[in-house]
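Have a look at the structure below, then the notes.
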Amino acid sequence: MDYHCSKLSDIMAANMYRVGDYVYFETSSTAPYQIRRIEELTKTPNGNVEAKVTCFYRRKDISSSLVLMADKHQSALDDEQEQEVELLSESERYQLKYRELFLSRQVETLPATHIRGKCTVTLLNETESMTSYLNKEDCFFYTLVFDPHQKTLLADKGEIRVGSKYQADITPLLSEGEEDSRQLKDLETLVYTPHHNLSDKKIDQFLIICRSIGTFARALDCSSSVKQPSLHMSAAAASRDITLFHAMDILHQNNYDIARAISSLVTSKGPVLCRDEMEEWSASEANLFEEALEKYGKDFIDIRQDFLPWKSLKNIIDYYYMWKTTDRHVQQKRVKAVEAESRLKQVYIPNYNNKSTTLNGPTGENVVSGGRPCESCYTLSSPQWYAWGPQHMHCRLCQVCWGFWKRYGGLKYPSKLDGEFQISARSSDNDSTYSCRECNKVFNRQEQLTAHMATHRPHRCGFTSCGKEFKLKSHLVRHCASVHDSAVRVGSPRPMIKTRVAFYLCTTPLTRLARRICAHILQPHHAARNPFRTINVVAVKQECQNKLLEGLPKIPKAKPRKPGSILNISHRLGAPNIPIPEWLIALPKDKLPQPERLAFLPPPRGKDGQLLIPWLPHREENKCVGINSVMPTILRKRGYEQQNGVDEK
């Protein structure tokens, strides 16, 4: 009795899920489990339990470019881990890829009834061996953070950075009696000293004056009067630490002379206004910050990058520590505490058996001698068979391999249908031979098996919107010809799709002549307005041949139309004898108004009206010694002496 009670309690504990557990979620009976972390457990008004979870992604859930980036990051591990990975066998390396996950900050809500078990997800530890993840069941690791919206990978900041790269060098302590030879004035800046002639009462009075000036300055400032519409809010803002710090700095700068310090608080532009981050931020920016803090926590770099890029990192950190002192933060903590009390702490989910994809009943061990073996372990006996892969391939998995595929998202051994080709498949009789799982051919070398497996590769349609697979290439050719109206090159090793060739229609001179001769048959203007009307090409050819036998007729050229004057156009429009306005009559050149002063005199002209420009011939005595001293010209090529000058001897 005690044994059964203890066993029942163990089963109850295994099916009890709490906040913070890493669990498997099943969203489809034909897809692997999704790995999630429970953040909250809430009960809906209908009585159902929903789980708010954080998503983890597998390697196949991200793009190939990000997978390459993740592999590069994995290759940058310590030397000990690299040597350990090299010592792993090929199948262990294959299975290790399915143990890697990618953390994300995406949160979703799923029904708690979809939970299918517990697992363990940890940050990859540099001191832990890689084989420890393979030796443990339902154990995963992650090193990178995946952003599903921006499609980026970032390194997780949870690692502990220890070493000379991250720690500063500490100056050794002074021995007894040794004097400090450093110049403290160069290392430190004095901002306050207690050695002055002011009492505490006078300093308090000076601080009250600073607060009063700060309140008056906020009343004069338009933006501050909008944010603090009441006198109490302005006085409270003027009493913040930023005003007190500024007052003490002013007092120290004026050598603790209160009269000079008070006069420096009011400049020629008005009273000095000192504001901190709480006043600089608007209400919408404060709401964005609270939303980002709820999503990312105290990860200020991500908060600035995704929510507040116009703020600096210093502004965000300063605002956070000021925001923690406000009543709004205290109220949010109380609301969260009340919500936490009303939430569920744990939930019990019974075991779930999915039989929708099974091929036979679970009655005993089913041995099928002539059937297709398991796609992963090649066994022919299993108490339960599950359909797996494309339907036209008729693949199946045994009960053990099906559970492994549902949990880890991949098969125990590589398969071409699982995204990778089979690298090695040793036969049971001889360990030095390799057999093909499709045709059962045996090869002595691994390279021969890899080349042979390429012949069993399904032919895939190259169109991105289709992507169908065919066993025979003739089926692919028939599919491309019937569906996509394109041809496939038969002799190519890969299905290369031939696109339609673009062409350029260039008419011959005889065709252009026929357009002019047979214009009464073609009627181009009428054909342009009726694009679907057929043209009698036979009649055009016959008419063109008859005209050519008779001789080319003289085609009269169209007379250019002279543009009519404005007066003639106005007469045709029915408005004759319109007087021409004076401003439209052009003045002769001698009556045009002349400017009082010419900025640039016109060049002289001869009697024939040509410009009189003196031409300077190229002479030896006119050459100037120096670089680029010759007049540039584009009429002939310049020689080396003309370009660089001649040295004097």
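Each residue, glycine too, has its Cβ placed from N, Cα and C.
Those TrEMBL annotations? Automatic predictions, nothing curated.
Secondary structure of the domain 'BAH' (15-157) per DSSP, as helix, strand and coil residue counts: 40 helix, 60 strand, 43 coil. Marked as domain 'BAH' by TrEMBL: 15-157.
The coiled coil annotation in TrEMBL covers 70-97.
As annotated by TrEMBL, domain 'ELM2' applies to 158-269.
Residues annotated as domain 'SANT' in TrEMBL: 276-328.
The feature domain 'GATA-type' is assigned by TrEMBL to 368-426. The average pLDDT for the domain 'GATA-type' (368-426) in the predicted structure is 73.
Taken from TrEMBL, the feature domain 'C2H2-type' covers 434-461 (among others).
According to TrEMBL, the domain 'C2H2-type' annotation covers 459-489 (among others).
When DSSP labels each residue, the domain 'SANT' (276-328) comes out as 38 helix, 0 strand, 15 coil, counted as helix, strand and coil in that order.
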